[in-house]
């Protein structure tokens, strides 16, 4: 019998579309993982639409759900995955749950996308309350094993600006020293060696050699920019990175190539379908730009490698 690998995913849920748990659960299941989803919010759709309705889970309600799992002795996990959170007390409760689960299973891996903000027109802007930053910096990152910040979030966490690849590598080393063994800066403003049509991502993984010494693998990836605003891509990225680092535990290069290549296929299919629906010269709507997840099942399962990572 194949060994079961179980993920506790604490993220947002939408009725229509693919963000948060909706973007993470399907790919993880396709790749063979059991996923237990806690929905931090339940909205009709993501907030990029003109309207949305729904409910938000508070920290007491999160505790209640977790207590239910505990009472039935079904709170054994191999992974915890978290993404967008707006509430400080909710985030602190997540940390408490992760710490308790790690006491039960010291090999548990916590994958955290520290969603706080992004760069718009060259200026960084936070889209969560400012009081979340110290919680991420002091409580979340120290218990995380894999983190997937964008450049702006990596700068916030370390207090260091990134203007070059060298500075990005230094920032990743600072993040390693805060706790996580694997750091992937999922997008940056750095100029790619391949030109301005490409988006650059960087990764760094620390592993222990049999003699106890620490080995660091650093990689760079360049992805062709797509002229559209997608929502849920970070959630999909973190979920697939979880899956592929599990399957290739000491090879960040291969794990990232598979993750980014699958992303490429999903986004290309999405933009093609969106343009076909919107018509020539018309900007696709948020509904038309929802990720074509189900249609991309084969690409998620066994992605054709179209993005090669460079080992630095």
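The count begins at 1 with the first shown residue.
Here the Cβ of each residue, glycine as well, is placed from N, Cα and C on the backbone.
The candidate list 235, 299 contains one residue that Swiss-Prot assigns to the pyridoxamine site with 12, 47, namely 235. Among the candidates 121, 150, 251, the one that Swiss-Prot lists alongside 186, 187, 223, 224, 225, 226, 233, 234 as binding ADP is 150. Together with 148, 186, the K(+) site in Swiss-Prot holds one more listed residue from 96, 113, 118, 227, which is 113.
Here the candidates are the binding-site residues 47, 127, 148, 186, 233, and by Cα distance the one nearest residue 164 (phosphoserine) turns out to be 186.
Look at residue 234 (pyridoxal 5'-phosphate binding site): DSSP puts it in a helix.
Within 10 Å of the Cβ of residue 150 (ATP binding site) there are 24 other Cβ atoms, across all protein chains.
In sequence order, 11, 19, 20, 21, 23, 24, 83, 84, 113 constitute the residues six or more apart from residue 235 (active site, proton acceptor) in its chain with CB-CB distances below 8 Å. Take the CB of residue 113 (K(+) binding site) and look out to 10 A: across all protein chains shown you find 26 other CB atoms. Classification of residue 224 (ATP binding site) by DSSP places it within a strand.
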